[in-house]
Amino acid sequence: MGCDRNCGLITGAVIGAVLAVFGGILMPVGDLLIEKTIKREVVLEEGTIAFKNWVKTGTTVYRQFWIFDVQNPEEVAKNSSKIKVKQRGPYTYRVRYLAKENITQDPKDSTVSFVQPNGAIFEPSLSVGTENDNFTVLNLAVAAAPHIYTNSFVQGVLNSLIKKSKSSMFQTRSLKELLWGYKDPFLSLVPYPISTTVGVFYPYNNTVDGVYKVFNGKDNISKVAIIDTYKGKRNLSYWESYCDMINGTDAASFPPFVEKSRTLRFFSSDICRSIYAVFESEVNLKGIPVYRFVLPANAFASPLQNPDNHCFCTEKVISNNCTSYGVLDIGKCKEGKPVYISLPHFLHASPDVSEPIEGLNPNEDEHRTYLDVEPITGFTLQFAKRLQVNILVKPARKIEALKNLKRPYIVPILWLNETGTIGDEKAEMFRNQVTGKIKLLGLVEMVLLGVGVVMFVAFMISYCACRSKNGK
């Protein structure tokens, strides 16, 4: 009887040990299975989860605009006063709703090329007004004229055309005109062939961005979605050859198994460069654990603080000998136009940049850019891209509309907030197909290990107690 009981206890202990060992073995095996599955599903080829969501995003993406309405245009033009602005918005458009086109796989170098069609649909219910709302803003053509044409004689000719068209330093334009383009009366009088349509985002609708060529990850998963080459309408040869500004992904996804220590690099054709984000915190997004990466202040730092930005200091006067920070000159890829980008309300900019402008209220929470990335797959499940478009206007003695200016201004025109969040249905699918299975496998591993250890310890204690009793 005692022998049978001892045998039973020993058997139980053995079973417990086996379960514990099996649980321990299952953990690395399970991790390998997860890794293999993820590596298969994030490859950009037909049939994978990544490819389906990459071709056409399942997330509704909105681009909100706030326009800086100038309150004292005559005072500025006559006396070179501080520019008083009042933010008006949001005006919301739905964007990125069109599927990628001309998708071509190249098995030789494991890349896939494509173009991204552009389109914007106005969303009245998410806007404070209509596309016909009017704003007083800087005259884009007049401000750019002396910057592009520096010759005094040419400026004199342009001045006569500006006067004849009754154009001035500031103008009144509707939202639709300002964003998507209008026929400029001054440029329409120029006697040689030039584009006479002006707009902050002109041309946009019915155009395409690209051709992009990205790695599909088939031969090296650590390069999946990373841009190999980009050939767009914008002149990016300067940035490619001198600044090495085309690297990273398009921010929709990153190579899988993202660690907090990783710097996420991504390219945006809107700003003609790649930029980066660093880890800030862990966030729970609709039951999915994600890592929040944010655009650091150093991304817009002066070249003295961040050598990567040396390409964006193109002159010594406006930049105070390249010591100013918070704005980047991207005119080289905007056909020479004096376009500067910054964070909204000149967030993280040096005081000299915002000093000539009144009415700005930079706020970290409202004006920063962030990405919420699911760390196992590398998919971006929520993001907010926030940028401000500014135009440089300088004194010009030969142009009457600008001759009274006593200093240059970097004038804010608008700022945008492009956002997207994974929908409830997609989030549930993601939990079921990815995070749910991983959690379940991890739970099974821990249960087997835990039960095995408990059984082994319990049966061994009982066995020792029984032996002790029999010995007495």
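Note that the numbers count up from 1, one per residue, in the order the chain is shown.
Glycine residues also receive a Cβ, built from the backbone N, Cα and C atoms like all the rest.
TrEMBL labels come from automatic prediction, so no person has curated them.
Taken straight from TrEMBL:
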| type | residues | note |
| --- | --- | --- |
| TRANSMEM | 7-30 | transmembrane segment |
| DISULFID | Cys243-Cys311 | disulfide bond |
| DISULFID | Cys272-Cys333 | disulfide bond |
| DISULFID | Cys313-Cys322 | disulfide bond |
| TRANSMEM | 440-466 | transmembrane segment |
| SITE | Tyr463 | site 'Critical for TLR4-TLR6 dimerization and signaling' |
| CROSSLNK | Lys469 | ubiquitin cross-link |
| CROSSLNK | Lys472 | ubiquitin cross-link |
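With every protein chain in view, the residue among the disulfide-bonded residues Cys272, Cys311, Cys313, Cys322, Cys333 whose Cβ has the most Cβ partners within 10 Å turns out to be Cys272. Nearest neighbour of Cys322 (disulfide bond) by Cα distance, taken over the disulfide-bonded residues Cys272, Cys311, Cys333: Cys311.
Across the structure, Cys313 (disulfide bond) and Cys333 (disulfide bond) place their CA atoms 14 angstrom apart. Taking CA atoms as the reference points, Cys272 (disulfide bond) and Cys311 (disulfide bond) are 12 Å apart.
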